[in-house]
Amino acid sequence: MTLITEVRLRKILDSRGNPTVEAEVRTENGGFGRGAAPSGASTGEYEAVERPAEEAIAQARELAVPRIEGQVYAGDQRGVDNALHGADGTDDFSEIGANSAVAISMAAAKAAADVLGAPLYQHLGGAFRGRDFPVPLGNVIGGGEHAADATHIQEFLAAPVGAPSVADAVFANAKVHGEVQRQLDERGVPAAKGDEGAWAPSIDDSEAFEIMEEAIAAVEDEVGFEIRFGLDVAGAELYEDGVYHYGDETRSPDEQVAYIADLVEEYNLVYVEDPLDEDDFSGFAELTERVGDRTLICGDDLFVTNTERLQRGIDDGAANSILIKPNQIGTLSDAFDAIELATRNGYDPVVSHRSGETEDTTIAHLAVATDAPFIKTGAVGGERTAKLNELIRIEANA
């Protein structure tokens, strides 16, 4: 019933105005699914390869589509994704592009869910998923690779951990975003928005921490539940020539570990992503030993949703959480493999958007399907609120 009869590929815009790949999948009995690939700005060295959209589409049409149309069932996600791997023939999707692969993979999953008449999260997670919903991490102050002349730390993330519902959490993050703007206005600091909709003021990191504390305290008073915050340090982007660069100041790897540990203690951080360089497994292990009982130390560039790198982290005790970005690894099956390995070894999966996004909502369903404790998908902006509003709908209809 779910035999795939047609795969269509086209070029569309992402949120940065760059071309990306969209796929549509149809089945023999009318099932339909559409998926669109996101794109990152601060990309890990070990990610699957994203090809220019037109090249990725041409290669996928030539190599992948003939292996799928009339050959594979949308309900067999592993079969779809194995066909994509077979068509590509490399270990990093450098032939057809991870952007084409992930778009087709997501579209096939949606087509299968459509045939079943079930929400995507039920198709992906089955009837036995837990009852908890992910807490959205809202990016409210941004810098690094997402905004020029702003903070060195790439993301300051609101985390409404005490919210009684997803909807309450989503609106709390939007309130924090608005309160940050008010705090900046009071200080006479102008700010545009970065790639992910966060404010990108020309302030130093210490002032950003002050503003986060004040904004969160104000919103906590209004909503009546606990809001903490976290960071995406994007350590690999700060690391060069053996040291971490914060403007004119530098820190050695040992000093960086101590600095992050101090931040966790001082600000009661609930989440710290990529605090160190993407190859510093030992530094991640040391930091996890120091503060891993109090916060999530999450590997993004460290692991790139890759089971081989995650297994190395598990063996070394590096981090206690993994960021899950399907386009980093190329298919939903590969993302699920990373999630399964993580949860089996006590690592929390955190599902994430990319800085260059579309209105695709797959990651909202993936986060719910896999009982992820957090989802990173911004606080405001149409391509971000598409996922947030989908989370609200999922919770309301569950």
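Each residue, glycine too, has its Cβ placed from N, Cα and C.
Together with Gln154, Arg354, Ser355, Lys376, the (2R)-2-phosphoglycerate site in Swiss-Prot holds one more listed residue from Lys175, Lys193, Lys325, which is Lys325. In Swiss-Prot, the Mg(2+) site is described by Asp232, Asp300, and among Glu265, Glu266, Glu273 the residue recorded at this site is Glu273. Those residues of the chain, other than Asp232, Glu273, Asp300, with a C-beta within 8 angstroms of the mean position of the Mg(2+) site C-beta atoms are Gln154, Glu155, Leu231, Val233, Ala234, Val272, Asp274, Cys298, Asp301, Leu323, Ser352, Lys376.
Counting only the Cα atoms, the space from Glu273 (Mg(2+) binding site) to Ser355 ((2R)-2-phosphoglycerate binding site) is about 15 angstrom.
Gln154 ((2R)-2-phosphoglycerate binding site) and Asp232 (Mg(2+) binding site) have their C-alpha atoms 6 Å apart, to the nearest angstrom.
The maximal spread of the (2R)-2-phosphoglycerate binding site, taken as the longest Cα to Cα distance among Gln154, Lys325, Arg354, Ser355, Lys376, is 17 Å. Taking CA atoms as the reference points, Ser355 ((2R)-2-phosphoglycerate binding site) and Asp300 (Mg(2+) binding site) are 13 Å apart.
Cβ crowding, taken as the number of other Cβ atoms within 10 Å, peaks at Lys376 among the recorded positions Lys325, Arg354, Lys376. Proximity note: of the listed recorded positions (Glu196, Asp232, Asp300, Arg354), Asp300, Arg354 have a CA within 10 Å of the CA of Lys325 (active site, proton acceptor), given in sequence order.
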